[in-house]
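What follows is a single structure, written as structure tokens, with notes after it.
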Amino acid sequence: MARLLLLFFFFLILLHYASCSRHEQEKDRIFHLPGEPNDVSFSHFSGYITVNESAGRALFYWLTESPPSENPESKPLVLWLNGGPGCSSVAYGAAEEIGPFRINPDGKTLYHNPYSWNKLANLLFLESPAGVGFSYSNTTSDLYTAGDQRTAEDAYVFLVKWFERFPQYKHREFYIAGESYAGHYVPQLSQIVYEKRNPAINFKGFIVGNAVIDDYHDYVGLFEYWWAHGLISDLTYHNLRITCEFGSSEHPSSKCTKAMEAADLEQGNIDPYSIYTVTCKKEAAALRSRFSRVRHPWMWRAYDPCTEKYSGMYFNSPEVQKAMHANITGLAYPWKGCSDIVGEKWADSPLSMLPIYKELIAAGLRIWVFSGDTDSVVPITGTRYSIRALKLQPLSKWYPWNDDGQVGGWSQVYKGLTLVTIHGAGHEVPLFRPRRAFLLFQSFLDNKPLPM
């Protein structure tokens, strides 16, 4: 009898817990976004998770589930992180790359993304760290002291609490994805998730694109790409190599900064994120003026401002913020795609992610690295040098992969890692080549090489 009472009491506790979780979920449900198409079928949620009570740090998320026709209960969960550092996953990942909606030029209405990755997985976008997008801290100094370590630690706390709010995703296949400076965020968070071994988080691996991996090899590849594509002179190439290559991208020397400035002048008014794409002149000029203020000059361009005008209009709308349960504290500044303060004051940035790659490769996790081949900010050359430094055993030859009879890019499979390039894509691969990015993601989830 006592045992039955104990079991009944335990059942009541579980029932209460499930009811609380469901209530928290429903508070975050998005019923309608201003300007959305009439035929939206999938469920989506957004809101805040507090990651540090004493400092008042809370991170904003947006979950877009797979449509009912795709059986979302059977689909994995994928966390997407954008880099910068200091740039929003809502602005870039969700609104112009892999999310279900794109924003029209009027900044008020939305249209469907035919190659949205939520057709293949449930997508969780996180604005991180605090101070980015709608994520906030009640401790002002947090915005000036953000760095790699705290970003990873806060993201892990977010995940643990988010899985409590959405318990139906516990034990579901879980992956982490991202691009650019998320080449730090993704492996660092992956390392914590792997080492913590939380039974609720069924972590399987990660995928990163045009990723910052290793300062030395990234520098070598960056300067080589500029020179080989005729963007800089022989003299500037020489000066960059002797002044920058053995330094930190986060804390460059004055000589390195001077060489970077010379390279910038020689490159002229191009779009560095996609060197064959026409620029938007006003924003490019404003971006160039930021160069002298940042401490990591080769990453000074964080993300292309030419593509973020529409998102700035949309996500600053009070009606949109209300629908998304965003800006609930009344931030003293407008929502922006990238936070200048967070990016410029970045505190800690390890020189290399290669030791983490080695640890997670040895652990047997699925790891894919992809690169758009027209990006001159974090180009394919640096990525290839970094991967070569891992000294992995090749399992396939370097081969062209097929996209409807055309070369979609090139790939090579190694023991523990797959490298893929996307032909004709810039820094934000899904923005420039959405179909090819979709095929890439599908192959990653299926754990199959891209087709020859």
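Glycine is treated like the rest: Cβ placed from N, Cα and C.
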*According to Swiss-Prot, which candidate among Cys256, Cys280 shares a disulfide with Cys244?*
Cys256
*asked:* Pick from Cys20, Cys87: the cysteine that Swiss-Prot pairs with Cys338 in a disulfide bond.
replied: Cys87
_Neighbour count (Cβ, 10 Å) for Cys244 (disulfide bond)_ = 26
*asked:* Using the alpha carbons only, what distance in Å do you get between His427 (active site) and Asp375 (active site) once rounded?
replied: 5
*Between Ser180 (active site) and Cys87 (disulfide bond), the C-alpha gap once rounded to whole angstrom*: 10
*When you measure from the Cβ of Asp375 (active site), how many other Cβ atoms are you left with inside 10 Å?*
27
*Minimum Cα separation from Cys244 (disulfide bond), reported as the residue among recorded positions Asn138, Cys280, Asn327, Cys338 that achieves it*: Cys338
*Sequence gap of 6 or more, C-beta under 8 Å: which same-chain residues meet both conditions with respect to Asn52 (N-linked glycosylation site)?*
Ser137, Asp154, Val157
*So, in DSSP terms, is Cys256 (disulfide bond) helix, strand, or coil?*
helix
